[in-house]
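As recorded in Swiss-Prot:
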ACT_SITE  S62  active site, phosphoserine intermediate
BINDING   D12, S62, D444, H445  Mn(2+) 2 binding site
BINDING   H123, R154, D155, R181, R187, R253, P254, D255, R256, K336  substrate binding site
BINDING   D403, H407, H462  Mn(2+) 1 binding site
Amino acid sequence: MTKKFVGLIILDGLGLTDQKENNAFHLAKTPYLDYLLKNFPNTTLKASGEEVGLPQGQMGNSEVGHLNLGAGRVVYQSLTQINKAIRDKTFFTNKQFLQAIEHVKKNNSKIHLLGLISDGGIHSHLDHFKALFDLLKENNLANNTFLHAFTDGRDTGTHSGINYIKNLLDYGFNIASVAGRYYALDRDNNWDRINLVYNMLTSKQAPVITLSLEKTMQNFYNQGITDEFITPFITDPNGLIDDNDAVIFVNFRPDRAMRLATALSNPCATNAFCSEGKTNFCGNKLVNNLFLVTMTQYNVQVKSVVAFEKKTLKNIYGEVIANLGMHQLRISETEKYPHVTFFFDGGKELQLKNADRILIPSPKVKTYDLKPEMSALEITNAAKTAIFSRKYDTLILNFANPDMVGHTGFLDATIKAVQTVDSCLKEVLNAIFAVKGKACIVADHGNAEKMKDNQGNPHTAHTTNLVPFIVTDKNVVLKPGSLCDVAPTMLDLLEIKKPQEMTGNSLIKKLV
């Protein structure tokens, strides 16, 4: 390790609010965070809306947060880009969408829209489904179009799926199948869940429901099953995916969509995100001559055409460190591993020089309220070993607990999650202090500080609240800012000049 070390500790989903009721952050016993806030320079950061490249008033999320944290500039998001394309009508002349239409017409086949039906704006948006349906109607394909609806219940209300389904039916959609995001959009290598949805879409291996969609959804609710956990079912057996069909995956955020997209487009791929090495879809029914469009680039294993390419970000934090010959470490558990790697690196799969990664498996539980400590202790132990090795100049670490447990809507479990992170944070920072290093502590967005909505129902979504930022250097004074200012601040602490591409500013107002 060189004479300077700076670690970035991301407390995922830990926002700030004056509202104390149903606030897991306030109700938790956090003696170490209390100590840090009392004894070290701290400020607040904006982590939502236009300050992170989202539409005004749009809640932040982990992808957006880590992009801005690592890029050191406001990164305009896919949601903003696609919304603009709809407004200026370029959406309706998009080359990739038109290729899918041509494929369907040439093969006299079907076109399928897959994705999270939600206006949460985190992974997808209802307006994008409607714009695509408008385009398909213009091309006389309304009767060939089938929607496979993945219900949300995390970034939106737990029982809001029924209203989104009504909305889409009223718009004219033919909904062929439904599945909760727990099954369709898993990102923790639970391939058995993805397999259920894959087989439903391609092999009709799921219950066929004859009741109305509204009654079917209400039956789930009556059984205590919320939108996230709706088990896959078919409403139109003739609307499933066959050879020569086209699929448009409407999710613009890749981390939860990439596994099902890989299964559909490249089922025998070897995947970095699959610990077993294979997707295990080789033995399933394969769909031949499938034309797949993804809204954005998911990953290299997904064989698709991409409707909206992202602007390449140059001289992000990780690249600056690598180009100087310095050593860096990224560490997280499975749920947030893409965030400290892919997203923190500007939405790219980078192989940076002298950059190591540690992936700690997330616990195999149905929901994280059953194990609110998740893998925080294992992350802590691995981080301490790495820090004491004195190999690294900088560390990027994510504690997922406040966000992932917050998404369950269970207040007591989320309080335990926050308390776990508090104790683990103390151990990590004590290790950093022992090697004469400094730490920046930040959250990427809010969540755990609001566990019930205004009607008293569980609140499982993110918030637009400010987030804390702490620097363990008593010789500085901080000013408020946004997430894009964190990377310049870290470079400032390392006494490295920020590159011109970083338009964020150091939050260090002056030395004391």
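Backbone N, Cα and C atoms are what each Cβ position is placed from, and that goes for glycine too.
Since this is a predicted model, take the numbers as computed values, not measurements.
The Cβ of H123 (substrate binding site) lies under 8 Å from the Cβ of G115, L116, D155, L185, N251, F252, R253, R256, A257, each on the same chain and at least six residues away in sequence. Secondary structure at S62 (active site, phosphoserine intermediate), taken from DSSP and collapsed to helix, strand or coil, is helix.
D12 (Mn(2+) 2 binding site) has D403 as its nearest neighbour among the binding-site residues R187, P254, D403, H407, going by CA to CA distance. For P254 (substrate binding site), the spatially nearest entry among the recorded positions S62, H407, D444, H445, H462 is S62, judged by CA separation. Each residue contributes its Cα atom, and for H407 (Mn(2+) 1 binding site) and D444 (Mn(2+) 2 binding site) these two points are 15 Å apart. A separation of roughly 7 Å, to the nearest angstrom, links the Cα atoms of H445 (Mn(2+) 2 binding site) and S62 (active site, phosphoserine intermediate). Fewest other C-beta atoms within 10 angstroms, among the binding-site residues D12, D155, D403, D444, are seen around D155. Neighbour counts of Cβ atoms within 10 Å were taken for the binding-site residues R187, P254, H445; the minimum is at R187. For H462 (Mn(2+) 1 binding site) paired with the residue listed as 'active site, phosphoserine intermediate', the C-alpha to C-alpha distance reads 10 Å.
Highest Cβ count within 10 Å among the binding-site residues R256, H407, H462: H462.
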